[in-house]
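Read the structure below first, then the notes.
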Amino acid sequence: MKEEILEKARKQRDGLEENIQKIEEENRAEMEKKLKEIKLLKKEMREKKENGDKEMKMMKEEGWKCHRKVLDHEIEQLEEEERKQKVANTERIKLLRKEMRDKGEEAKSDLDFIKKEGWLTHKVSLEKEMKRLDEEERKEKATKQEITQLQKEEMRRNRERAKRDLKALNKNGYKRQQEALIRERNKVEEEERKQMEEKQHRVKLQRWDVRERLEDSKKELKAFNEKGWKRHRQDVYEEMERLEEKKKGEQSLKLALAEQEKSRRRAREKGSEKLVFTFFRGPQKSV
């Protein structure tokens, strides 16, 4: 009897290990994809810098120096972001491994509590958990819709701001427009930093959610007896599959939003550079 209980606990622990390995692999793939995108952005910025050498004859000396400083600043920011992502990925893997070791040690002490509660109590707890997860899913959908609306409003404000900048460029001259572009870029960078912090906060909340689910699975192991083991195992497998599908959908949505934000950022940066290049050419002499 004790050997059967130990074997079932080992299987449960192996299932948890496989889930954590899947989470680590997904996080590693996501980080690799982000690093590749950052490298592509760095390559694109270097290509822009190289192509800018060909247009130096058409620019004023002061304008070129300012533009080069902006490009160097952007490259430094990208390198700093890449370094932070590597450090965060390493810390995340360490925490997951430590958590897995703790789970393995706690599983040994959980075997004494398996026979204390019956199957009905466990079923009621599972129904409550499913209701809680459905409510969380509904709240997450509403939050995503709000974020999409805010992004649309931000795009509209950016377009209006670009039109005002173009008018200011034609009226007030290079120096004033250059200062306005620098202020605008600082604002955009601050907004991007806030968005990144919000994304990191959401990732942290999801990590806590996974940790809570692991804790719930440990409590579920305490709540069933030998007669309800087979039925409980089937229900747990179905719940784990549903949670994995839900997590994959969330990750695909996050990747799509991140890609969309990066494409918008590239378009915005190209638009600002075109404005600077156009002004640097100066007035054209009529023949």
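Cβ atoms are placed via backbone N, Cα and C, with glycine included.
The compositional bias 'Basic and acidic residues' feature in TrEMBL is assigned to 133-144 (among others). If you look at the compositional bias 'Basic and acidic residues' (133-144), the same-chain residues 6 or more away from its ends with a CB under 8 A from one of its CBs are 209, 243, 246, 250, 253.
Under the heading region 'Disordered', TrEMBL lists 133-181 (among others).
Annotation comment: TrEMBL describes 151-168 (among others) as compositional bias 'Basic and acidic residues'.
For the region 'Disordered' (243-270), same-chain residues at least 6 beyond its ends with a Cβ under 8 Å from one of its own Cβ atoms are 19, 22, 26, 30, 33-34, 37, 41, 44, 74, 133, 137, 140, 144, 147, 151, 155, 158, 162, 188, 192, 195, 199, 206, 213. Taken from TrEMBL, the feature region 'Disordered' applies to 243-270 (among others).
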